[in-house]
Structure formats: C-alpha cells, structure tokens
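Enquirer: As annotated by TrEMBL, domain 'P-type ATPase N-terminal' applies to 67-121. Here TrEMBL flags 98-114, 120-139, 317-339, 368-395, 939-956, 968-988, 1018-1039, 1051-1070, 1082-1105, 1125-1145 as transmembrane segment. Taken from TrEMBL, the feature active site, 4-aspartylphosphate intermediate covers Asp441. Summarising the annotation, TrEMBL assigns Mg(2+) binding site to Asp441, Thr443, Asp878, Asp882. Annotation comment: TrEMBL describes Asp441, Lys442, Thr443, Glu559, Phe606, Lys629, Arg663, Thr744, Gly745, Asp746, Arg852, Lys858, Asn881, Asp882 as ATP binding site. The domain 'P-type ATPase C-terminal' feature in TrEMBL is assigned to 904-1154.
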Amino acid sequence: MAPGDGRRRGRRRSKVRLSRLYSFACGRRPTAVDDESSSRIGGPGFSRVVHAHADASSAAGDPGDPARPAYCSNSVSTTKYNAITFLPKSLFEQFRRVANIYFLISAGLAYTGLAPFRSATAVAPLLVVLSATMIKEFIEDWRRKQQDNEVNNRKTKVFQHGAFQCTKWMNLQVGDVVKVEKDEFFPADLILLSSSYEDSICYVETMNLDGETNLKLKQSLEVSSNLQEDESFNSFRAVIKCEDPNPHLYSFVGNIETQGQQYPLSPQQILLRDSKLRNTEYVYGVVIFTGHDTKVMQNAMKVPSKRSKIERRMDKIIYLLLSSLVLMSVIGSIFFGIATKDDVQDGRLKRWYLRPDDSTIYFEPNKAAIAAILHFLTAMMLYGYLIPISLYISIEIVKLLQARFINQDIHMYHEETDTPAHARTSNLNEELGQVDTILTDKTGTLTCNSMEFIKCSIAGTAYGRGITEVERAMAKKKGSPLIADMDINTEWFQPEGKTAIKGFNFTDERVMNGNWVNQHHSGVIEMFFRLLAVCHTCIPDEVNKVSGKISYEAESPDEAAFVVAAQELGFTFYQRTQTGVYLHELDPLSGKQVDRSYKILHVLEFNSARKRMSVIVKNEDGKIFLFSKGADSVMFERLSSCENEYIEVTQQHINEYADAGLRTLVLAYRELDEDDYVNFDRKFTAAKNSVSADRDEVIEEVADLLERELILLGATAVEDKLQKGVPECIDKLAQAGIKIWVLTGDKMETAINIGYACSLLRQGMKQITITLDQAEIIALEKVGEKAALTKASKEKVIEQINEGKEKVKNASAGEAFALIIDGKSLTYALEDDVKDMFLKLAVGCGSVICCRSSPKQKALVTRLVKGGTGKVTLAIGDGANDVGMIQEADIGVGISGAEGMQAVMASDVSIAQFRFLERLLLVHGHWCYSRISSMICYVFYKNITFGVTLFLYEAYTSFSGQALYNDWAMSLFNVFFTSLPVIAMGVFDQDVSARFCLKYPMLYQEGPQNLLFRWTRLLGWMAYGVASAVIIFFLTSAALHHQAFRRGGEVVDLAVLGGTAYTCVVWAVNAQMMVTANYFTLVQHACIWGGVALWYLFLLAYGAITPITSTNYFMLFTDGLAAAPSYWAVTLLVPAAALLPYFTFASAKTWFFPDYHNKIQWLQHRGSDADDPEFGQVLRQFSVRSTGVGVSARRDARDLRLHSASTNAS
C-alpha cells in the first residue's frame, strides 16, 4: 500500500462551512441536454476541442493530426523585447524622434571629408544618449522578464504516469489534469472537476483579476464530483468543446462529454489563471486555456498611449530649430560660395591660408557652386549643437524623479488603508498642472462606498431618526442652524455604552431591542427583517469574541449593510450551506431567539438589466416564498394590484429618502403554490441547461413571469457618506478655475442632493434640467411606437438645450448655472448633430451633473469634452464602470476603493481619497508644469547660445567650415557641462511653496492658460539665446583681438579664443540657471557649480593628453589660459554682460507686468501679508476665481443676499 493510501481513505470529508450562491441555479447541477440544432458549440468562435487526460500530444494537439490543432504553451511573456528583437526594436523606438535621425545622419557624414570635426566626437554624444535610453529600457524589460520567469517556474501537480507529480507551470498543456491545493494560484484556465468538499464546491479569490477581495463560489458538475481520489483519474476520459480564447472574465460557453453523455458547462465551473484557491483543501481540474490564451492574458491589453501637450509642442520646437539650422546652413553656404568664387584677385588667392591649391573641390574657385553645396552639409553638422541631443533623456529622468516624489508625498498617504499615491506613468506629470475639466464618478469617489443602514419604510411607516450629510447641507441651505451645525460624528443616537457598528447607523426605539413586536404591523415588520436576512449572497465570516456579532463577506457594501441591520434588529444570519440558510430569529410570541432554516431552491441574482434580486426558499413548514428586492422603477410595476395599500406612502418615503441623498431599495415577497413552483422549476431548469444563442433571454423571460403579483413590505435607505474633505477639495479646485462634472449612475434626486452636500450646487444657483420624464414622452412610451418615441425624445432634448442656452446667454453678471441631465436625454445629447450644442451649454455652466449614466456614456462625455474644448481633461473614478472614461481622458486617476482595482489598473495616477486630488493638482501639478516649462525653455536657450557662437565665428571666417571650439569640447557641452543643472532644476525647483500654492489656488491657472510655455515665452528665450551668443562672441573677440596675450607679446590663437569663449558660455549658461531657479537645495548648487568645475577639470585632463588626441588644446589651460590675467577678466565680465538683458527684462516685467507667481513670490519673500495687509487681501481676492461652485461660492452668495437685504431694509 502506498503511504498516501491510508491518509486518503482515512480522510474525513470536509464539511461545508461557507458558501456563496451562484446565479439562478444554486444547489442544482445542470443535467444533460441535447440541443444541437441551436447550439453555438462548433461554430465560429466556439471551436476549441480539448481531450481531457489523453497523452500530452493528443491533449494539446498532434501536429500531424489536422483535426487536433496545436495550442500555445503555458509559458507567458510580458516583456517588450527578447534577445533577438531588443536591439532593432529599441533602436526603432529611438529613431522615431526626428532629432535622433538628424544626429544619426550627422554621425554618418562625420566619416567623410566634409566633417568639421573628428568622427568620434560626433558619434560619442549620440551613443551616450542612445545607450542611456536603451539601458533604461533594458532594465525595465529585465524586471518584467524576471517576473515572468518567477511565474513560469512556479510548481503545480499534474497527473502523469498514474500519479500527480510536480511540474513547472510552463510545462502544462491543454488537456492536462492538475491538482491545486489551498492558497495556491491556478496555473491555467481550468474546468473544475471536483474538490475536497462533498458537493464539489470551492472558494476562489479573484483579486488579481478584478481587484475584488470577496470570495467567489465555484461548483463542479455532478458527473465529475465523484473523482475524489488521485487514483480515480487513471480511467477518466472526457472531451470538452468550448468557446475560443477571449477576454470575457464572467462568461463561458461549452460542454463536456464523458461516459457517453454530454453536459453543459457554465462560468460556475471555470477556474481562471492567477486567481487563488481559498477555504478549500484541494481541487482537481482540466486545463482548457494555456499561456496567452488564458482570460487574464487576453485582458492584458495595452493601455492607450498618452502624450502631454508640452511634449507635442516640444516636437514642433525641434522642427523649428531644424528649420533654423537649415536656414543658417543655406545662408552660410551662399556666402561661402560667393567668397569662394571671388577668391582669386589679380591672380592671387585672397584666402591663401585655406590652401585652395591643395583642394580639388572644397575651396576651388572654379567649382564654387559644388563647394557651396558641400559646405551646406558641413554647416548642417557644425550648427547641429542648436539641437539639444540630451533633452529627451533629461526629461525622462526628470519625470521619473518627479513621479517618485509624488509617490513619497506623506500628505497624500492614506494611513487607514496604508495606501500612498502612485504615479503609474510619469510622462503626464506636467499635464497634472494644466487640467481644465475634472469628470468624476460619485459612488466611491466623492462618497465612501461604505454603506450605512440609516432609515427604512415598513408597511407605510417611516423608521429611523438618523440625519444624513445631505440633510445637514440642505438645512444649511434653508438656514436651519439646529441640524446644520450638528457635528457629523455626533453619537447622540447611540445608546449609552454602545459602540458604533460598521454598516449600521439606525436608531428608532419603536423597532429596536425587539420593540417591533408591539407595532401594529408586526407581521409585516417580521417578514421585512426576514427578507433582509435571507435575500442576499453574503457569507458568514467570523464571530467577534467580544461582542458575539458575526461579520460577513459580501459582494457589495449594500449587501453587508442589510445583513448587519437584520442582525441588529433580531434576525441573525449565521450559517449557509449549499442548499440552505440558517437564522437566529426573534420569536414574537415567546420573545426569545429561535433557530430557523430556509431551504434555498433558486437564486435570481442582481444585474444592471434586471435591477433586482430574488430568492425562492422553502421554510420549515413546507411553505414556498419568493423574496425580492430591487429598484423602485422595476419593483412597483411588479406589485399585486390588491393587498398593497402602502404603495403611495412608500413612494413618498422613497422620494424623501432620495432627497436626503440615500440609496433606496424596495422589498416585496410572494407565497408560491407548489404547482406554480414546479411549473417554474421545469421551465427554468430547461432554460438554464440550454446552450442556445438566446439562452439568457429565455432565462430572463421565465424569471420575469414568476416575479409578478408581489406584496409590498417596504423600502430600505442606506447612506453612502461623503469622503472626508470632499467639499473643501471641490471648493479649492473651483477656486483654481477647474470645472467639475459629475457622471453617476444614481437617480437624479440623489445626485442633486449629493451635489448640495459637496457644494457643487447651492441655493440661488439656476438649475437647467434636461430630462425625458415628461408627460408627452411617457405617453409615447406606453403606446410603444419606437420611431415616434425616438423622434419626439430627440426633439425634446434639443428644445431643452436651446432653452438652457438662452438662459445662459441672457444671464446677468455673476449669475451661476448648473446643468443636470439624465441618462435617457444624454443618449440623444451625445448624437453627432446635437453634441456640439450640448457641449456649448455645458461649458457655460458652473457645474454639470449627468445622472443615470452608463459606462459607455461616461466615456463618450469625456471624449466630447476632451475633443470639443481642446483643453486637458482629468477623469477620476474607483470602479470597473469608470475604466472607459479614465482611459479616454487626457489624465486618468483611479481611487483605491471598495469596488476593486480595475480603475486603478487602468489609471495614470492612483490615490486613496478624492481629497488628495487637491494637492496632486495644485501643488505637484503646478510644480511639474512650471519645472518642465522652465527646463525646456532653458535648454533651448543654452543650446542656441552655444550654437550661434559657432555660426558667428563661421561668419567671421567667411564661412570656411572652421569650428571655434575643440571637437571634444563641443561634444561634451550638452552631456556633461550643462546637463546636471537642467535635471536638478526639473526635479527640485519651486516657484511657490506648497503652502502658498494651496493658499492662492488661482496660481494654478498658469497651467490651463499655458502662460509658462506659450510661443511668445519660448521665442523670447530663443531670442535671448541669440543675444547672449552675440554678446559673448563679440566681447570676447574684441577683448582679445590684436592684444598681447602673454608676456612674450604673442596674440591669441584659435585655441585661446575658443577656450575663452567656451569658458564664457559655460559660465553664462550656468549663472543663468542660478538666476532662473526659484528654489535652491544643496543638490542644485552641486550640479550648477559642478558643471563649471567639470569644464576646468576637462581643460586640465584633456590638455595633459598627447597632442595627437588633444590637438590644439594641448596644455592650453596651464600654459595659455590660466597664466593670462585677461582670461580671468574676460570670463568674469563677459558672462555678466550676457546676463544683463535678462536682468533688465525680468526686473521691468516683475515691477510693471508681474505674473501671478511673481506676486506670490514677493509675498512669500516678505514672510506673510502682515506687513502689507492691503496687498495680501487684494491678492487673495484675485486668487479666487468666481465659478459659482464650492463652499466659498456658497458663502459669498449668502453674504451677498444678506448685504442686499440690509441695503433694502435701510
């Protein structure tokens, strides 16, 4: 006997501790069906055939057998390159940039006789830049490779040679039978065959797939559930026919043929790769999809490529500089051609020192035209230093470091969830400082998505005395101080000594502590609480040892709140099996807790189309009940015409709850006759087992027939609280001039009242409402004429849009508008011939709220705003339904909330709370925009300064192609002597401190208005570069011309002139950095002065090398420059003169035409506005942009009303 046999035979079967219901057919396994006529299996998209546990070759497909196609291996690769493609692909990526193409051509021409410098000096800078970028790409890809290797080399157990043996994931093939044990990841997409539980269920955590932490229940088919031992797979054979690989995580169509029978498969039997087995000892499964065919890899699509507006404009600047380079080369070549043609005068050569007699083409007077053309190529290489070769790599480094600072900002760290901010992509940093419009989700983004049961309506009576945040906001609006001033965290509701309970903020002495048994409608109340305790998909998790209360795992916060509420009110759900739920109920007769069980017959789960959930249960007396809960829009139409005397008053309560910002559900039930249930069960089982194309529609029709003639019990109301700091954040963003749109799936009343709570709406703001809930449209809906309804609806939307535009057009000064539109109207407003009208109206409003919006509509609205305004848009959300708009916006921000991680995974930046958006935009966004703008302007300035000195010397020497500087000195200018200060500036510079950025939010408008990177500023810096070059070249040459430079009376040569001019350029551009920077750290000082020091070290080290390498720079510094006082005098005075134009312009501008940040800098320099309170007050007033939105706008409107009232009274 094998050692494991005794353990297997003596194994005690695991009991069902937890369970989770599955859609429509809990507790029932599908039976065999024979519906081949309408089956999709075998058709297009459903052609995969898997031979379960045949030999590996036949399971995965025998290459020689065309009937069995070979499927991909289970090895996955997420790398961008491999050993063969790295070099060509990475080079291709680099040479997509036009500047790099130019430098490549120049490097090639450097090997010809046309080059004004040695070839190595032309190739070296290009190699340095390309190598740095490629090393960065290699490191990033190597990390991905290591992650892939770690995954591919994980071990799992596969059935081979009569036993389960360990093998690597990468070796798995389609058709293999694997055994996965508790807390292990599934190595491929599997069909569940059996598990350690008697009814072959298992629990799966899908956090890696969709971010959800709640456990999912899976259950095998009954035909394979008896495969409980390893040895039972020796005789197991099956053929699985199913859909082809696709990215749909929540759907699966297929069937399995075994023992001569065919059985349908559903998503309940599929176990997806990268999900984890939980609360289950082991499972057996058959591999159906491997590697890149698995659903998780099918979903690994590329994130849309996004480039910032500054980066796109930078490309245009490069084209401008290239055009200037060509123009300068053409001008130089023309003058060179003319000078060459006229070089012979009276039989003598004017430029004899160029030795045209020793040249065949270059300086030959008889071939002046050809010489001019060749000079053009020489000039294109020589003036190439106008183009900043290191700019792209410098910006990449800067953005990576900026993103690191964002990630490490302690002020955006959420301690409760241990979640920091995370810049998932760094190429949009500066875009954070240019946002014009924010499009935000509501639930989980503005609100906590942490539901609290706060009120309910039962049998026409309203219960619950809690006060919501929206009610407080509305009380403030109406001027009721008693409620409005009440502390939001007050605990006067809580009985003394009782702690707050998560998900339960309900208090009413009429129903708490068992007092509901004394109410007039106690029977209805009992059924209401019983429905809350039974109609759900929660799992009992653990019992608190102190309080004795049970905690629950739930699919949504709403579900958990209902079960917790039922527990607090005397109906404790404590256990679930595959076919039943068990409660501790308060017996109204004895007043004691009794145990009751309810057999689950069917579960009809909630989805966005049904908008309701129902369960069919049988109690201990054999009675069958249908318990249902859902949205009022679908539940009221399903109520019985009799026995429902509370409909009107319940509807009234629901409207009041919606006004208070609460989310409501209607609860109803129906008692079923045995015959009715049997008839439904037969139809429903047949529909469920069908694999026809209309299967889902048939299931819905059968369920819909049963969910009728319901008896109303009442309605629940749960509060989704605003996140901490949301009103203040919105107020600050509004002061910064940022427009805020709310896109939500909630009802209009709920969205409006949340708008009041967070100050997007206020009293006195004119509301423009576009809705199709009007009498004529409703009448057409009842008639059912689709064409007429569509036409009338569109005309009505257009009519309301035009009316709104007239209101905005004729508005008085200071009047604010809010646009509110529902989902039906939005459908027509987004049509091609209407959307421009809608956008024009929306842009004219202070705030926009789109209600009942679908995920697609959210994405379309985002696209409309982005494309229609041409401004930067930011979309922020926390759920899977927000992914579309997050990817569509210029910047997508995901919130790590209770709705999973899909929004975060699709985002560019992730934060834990909406309030952190304030610091992300107003501080980091502004800093990044200011830094990148100044950095790029400075880089172009320094390169133009350097390049124009070369052009001026060329002009001075009749465009002979002679370089002013040594070739190696030219090559290292961008790479060493001036690169580090640029990076330091881009990382550390702060024009205004974080405190002042938040204190004066209007400063942010420098970004959306693009004040720091507009063409006038760019061209001004370029002109300044030209002026600096002119000053440096002519002052240097004039100071040294025809004067004794050494004690022996020698005048300067080219090396001395070039070395002096180069020193002046290095000093000038680095000193300019000192003048331009607003904020200094030790790192910046080290970089700036280190760049200057590197130049002197280069002169010493390079000059000490043999003249074969150092050429005319041999011992230049020690023997030539350092010993001459005039050198030190020139390098001191000339850079100062070069800075004079900037000082003059900057001083005049700061005094007479200051930018907004100049004003704040002056105030910051003073330390506070205490010394000049009048200036500080004016600055604060100017810093608040009147958008009509936010707490400040609400306060200002109130002050204006009081002032008007006092004026009228006087």
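Each Cβ is built from the backbone N, Cα and C atoms, and glycine gets one as well.
Owing to the predicted nature of the structure, the values given are computational and were not obtained by experimental measurement.
Help me see these features in their spatial surroundings.
Expert: Nonlocal intrachain contacts for the transmembrane segment (98-114), taken as residues 6+ away from its ends with a CB within less than 8 angstroms of a stretch CB, comprise 121-123, 125-126, 129-130, 315, 318-319, 322, 362, 374, 377-378, 380-381, 384, 387-389, 391-392.
Shown in sequence order, Arg612, Met613, Gly630 are the residues of the chain, 6+ apart in sequence, with a C-beta less than 8 angstroms from the C-beta of Phe606 (ATP binding site).
Mean pLDDT for the domain 'P-type ATPase C-terminal' (904-1154) in this predicted model: 89.
Outside the transmembrane segment (968-988) by six or more residues, the chain places 117, 121-122, 124-125, 128-129, 385, 388-390, 394-395, 397-398, 401-402, 405, 931-932, 934-935, 938-939, 942-943, 946, 950, 1058, 1062, 1065-1066, 1069-1070, 1073, 1076-1077, 1079, 1081, 1083-1084, 1087-1088, 1090-1092, 1094-1095, 1098, 1102, 1113 with a CB less than 8 A from a CB of the stretch.
Beyond the transmembrane segment (1082-1105), the same-chain residues lying 6 or more positions past its ends with a Cβ under 8 Å from any Cβ of the stretch are 966, 968-969, 972, 976-981, 983-985, 988-989, 1059, 1062-1063, 1066-1067, 1070, 1073-1074, 1113-1118, 1121.
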Enquirer: For the domain 'P-type ATPase N-terminal' (67-121), what does DSSP give as the number of helix, strand and coil residues?
Expert: 24 helix, 0 strand, 31 coil
Enquirer: With Cβ-Cβ distance below 8 Å and at least 6 positions apart along the chain, what are the contacts of Asp441 (active site, 4-aspartylphosphate intermediate)? List them in sequence order.
Expert: Val742, Leu743, Thr744, Lys858, Ile876, Gly877, Asp878, Gly879, Asn881, Asp882
Enquirer: How many neighbouring Cβ atoms, not counting its own, are there within 10 Å of the Cβ of Gly745 (ATP binding site)?
Expert: 21
Enquirer: For Arg852 (ATP binding site) and Thr443 (Mg(2+) binding site), determine the Cα separation and express it in whole Å.
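Expert: Counting only the Cα atoms, the answer is 12 Å.
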Enquirer: Given the binding-site residues Thr443, Asn881, which one has the fewest other C-beta atoms within 10 angstroms of its C-beta?
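Expert: Among the binding-site residues Thr443, Asn881, the lowest count of other Cβ atoms within 10 Å belongs to Asn881.
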Enquirer: Could you check if the transmembrane segment (939-956) is in contact with the transmembrane segment (120-139), meaning 3+ Cβ pairs under 8 Å among residue pairs at least 6 apart in sequence?
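Expert: Between the transmembrane segment (120-139) and the transmembrane segment (939-956), which are separate recorded stretches, there is no contact, as judged by 3 or more close Cβ pairs.
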Enquirer: Near the transmembrane segment (1018-1039), which residues from the same chain, at least 6 beyond its ends, have a CB less than 8 A from one of its CBs?
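Expert: For the transmembrane segment (1018-1039), the sequence-distant neighbours (Cβ-Cβ under 8 Å, at least 6 residues beyond its ends) are 317, 937-938, 940-949, 951-953, 956, 1057, 1060-1061, 1064-1065, 1068, 1072, 1126, 1129-1130, 1133-1135, 1137-1142, 1145.
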Enquirer: Does the transmembrane segment (1051-1070) come near the transmembrane segment (368-395), with 3+ Cβ pairs under 8 Å (pairs 6 or more apart)?
Expert: no
Enquirer: Counting only pairs 6 or more apart in sequence, are there at least 3 Cβ pairs under 8 Å between the transmembrane segment (317-339) and the transmembrane segment (120-139)?
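Expert: Checked: the transmembrane segment (317-339) vs the transmembrane segment (120-139), no contact.
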Enquirer: In angstrom units, rounded to an integer, how far apart are the Cα atoms of Gly745 (ATP binding site) and Thr443 (Mg(2+) binding site)?
Expert: 9
